[in-house]
Amino acid sequence: MNPKTYIPDTFIEMIREIMPEHLSMDEFIASCRTPLRRSIRVNTLKISVEDFLVRVSDKDWTLTPVPWCDTGFWIEREDEKSVSLGNTAEHMAGLFYIQEASSMMPVTALLKNNDALDCVLDMASAPGSKTTQIACAMQNRGVLVANELAASRIKVLHANLQRCGVYNAALTHFDGCVFGGWAPESFDTILLDAPCSGEGAIRKDGDAMANWSLSSIEDIAAIQRNLIISAFQALKTGGMMVYSTCTLNLSENQHVCHFLKETFGDAVEFEPLGDLFEGAEKSLTEDGFLHVYPQIFDSEGFFVARIRKHAAVETPKVKKRMGKFPFTIVADADKAIIAEQLQATLSITLPAESDVWVREKEVWLFPANLRPLIGEIRFQRMGVKLAEQHKKGYRWQHEAVMTLATGKEDVAIDLAPEQAKEWFMGRDIRPENLLGKGEVVVTYRDYPIGIGKWVGNRIKNGLPRELVRDTNLFDI
């Protein structure tokens with residue numbers, strides 16, 4: 001319990017008025033003062049759940065399945081104080097994502113009985129927990145547009161996508177309100193995890209409610225109404241979207257969804273979520289939404305609504321000023337040469353559902369499904385930077401290895417634990433009784449952690465400086 005957690009009296013009174021009668025107010029307050037259980041989600045782009053459980057079976061980790069996400073687990077660790085979860089080898093290799101359990105629920109709702117994943121939009125995506133969860137379902141097929149308004153969070157979003165092996169993403173940096181006009185009827189599936197007042201996050205941060213007020217709720221709800229309208233306009237007819245928040249008041253949740261229904265009438269259908277997982281009915285509202293109070297599942301507070309679009313709706317007319325697209329698509333013959341060189345050098349195969357583009361001396365891999373959106377939306381970053389072209393050939397990039405390598409390549413060098421720690425600290429490796437030449441895929445316990453190059457009797461470290469960890473790394 002954390003008795004110092006700040007809970008405004010006005011907030012308590014508001015919850016008392018809206019919380020279902022069968023739920024206890026005392027349990028709600030006690031839950032708000034109880035620290036949140038940590039949770040992770042296995043990244044199935046890199047490893048299966050079964051293989052992950054085998055891999056961590058020698059650790060002092062107690063993993064409890066999250067009922068609404070078959071790749072999610074609550075985690076308890078004995079060594080949390082000596083090594084942070086983010087500095088474990090498995091995390092740095094992208095084998096799992098640290099994600100609050102409740103935040104896995106919107107993507108579960110998005111994906112259930114939904115295979116329309118050719119063109120997907122995550123409208124407010126940073127830092128990337130739900131984006132990478134969606135990417136796991138897509139298995140790098142189709143195109144995943146990940147939008148983020150805050151410029152400072154784009155870099156973190158990209159780093160997380162790269163670490164997790166996502167190569168079908170295209171990043172945009174806009175207010176989400178532009179999508180309805182710029183890209184109407186463009187996306188099969190949309191997640192709008194809307195910016196909110198964060199009432200459900202009180203268990204993570206005792207001061208989360210320090211700036212909370214009823215008036216601020218109304219200001220935020222106005223933004224959310226604009227966002228949900230834009231998302232619905234950008235959704236294809238027949239498509240499906242999920243609206244979610246990590247807050248509890250009605251203004252930012254039910255009322256926003258009702259506003260959408262009032263605006264577009266029968267074009268909007270709320271699909272009930274009572275059978276989303278065993279026990280989901282405990283948080284079900286009369287509209288079929290999930291309104292998750294923290295004491296129900298011992299989790300963060302959350303709201304999830306699943307919405308189907310049955311008819312096209314009016315969209316704003318906009319004048320686009322895109323500028324010249326700075327990339328040129330590579331002809332099939334040249335793409336084949338690049339693919340051959342990548343295979344010959346690193347034993348990596350280019351994905352079939354992708355295009356190769358160039359910008360000056362840079363070589364990039366874009367998802368093929370991105371083509372219809374080029375010229376319609378301005379992108380901040382797309383796909384994966386494969387290489388830089390030099391006189392002697394291609395200099396392959398770290399992100400190419402992290403997204404495309406499997407660890408089973410002929411040129412893979414598997415490091416011992418002490419060597420792996422040195423690698424993550426940005427140092428070169430000197431393998432004993434081993435010599436080679438050229439570039440190599442560097443692995444730890446058979447999973448890629450970067451690209452290196454033989455220089456004499458050492459492997460030169462190719463880890464980007466921003467990914468170097470200096471202290472508090474995993475135990476050997």
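Counting starts with 1 at the first residue shown.
Placed from the backbone N, Cα and C atoms, the Cβ positions cover glycine too.
Residues or ranges marked as S-adenosyl-L-methionine binding site in Swiss-Prot (evidence: sequence analysis): Ala124, Ser125, Ala126, Pro127, Gly128, Ser129, Lys130, Glu148, Asp175, Asp193. Under the DSSP three-state reduction, Ala124 (S-adenosyl-L-methionine binding site) is assigned to coil, being neither helix nor strand.
For Cys246 (active site, nucleophile), the same-chain residues that are 6 or more apart in sequence and have a Cβ closer than 8 Å to its Cβ are Ser102, Ser103, Cys196, Gly198, Glu199, Gly200, Ala201, Glu300, Gly301, Phe302, Phe303. Summarising the annotation, Swiss-Prot assigns active site, nucleophile to Cys246 and lists sequence analysis as the type of evidence.
In this structure the residues listed as binding S-adenosyl-L-methionine are Ala124, Ser125, Ala126, Pro127, Gly128, Ser129, Lys130, Glu148, Asp175, Asp193; their two most distant Cα atoms lie 20 Å apart. It is Ala124, among the binding-site residues Ala124, Gly128, whose Cβ has the fewest other Cβ atoms within 10 Å in the structure shown. For Ala126 (S-adenosyl-L-methionine binding site), the Cβ neighbour count at a 10 Å cut-off comes to 21, with all displayed protein chains included. Once Cβ contacts within 10 Å are tallied over all protein chains shown, the binding-site residues Lys130, Asp175 are led by Lys130. The DSSP secondary structure for Lys130 (S-adenosyl-L-methionine binding site) is helix.
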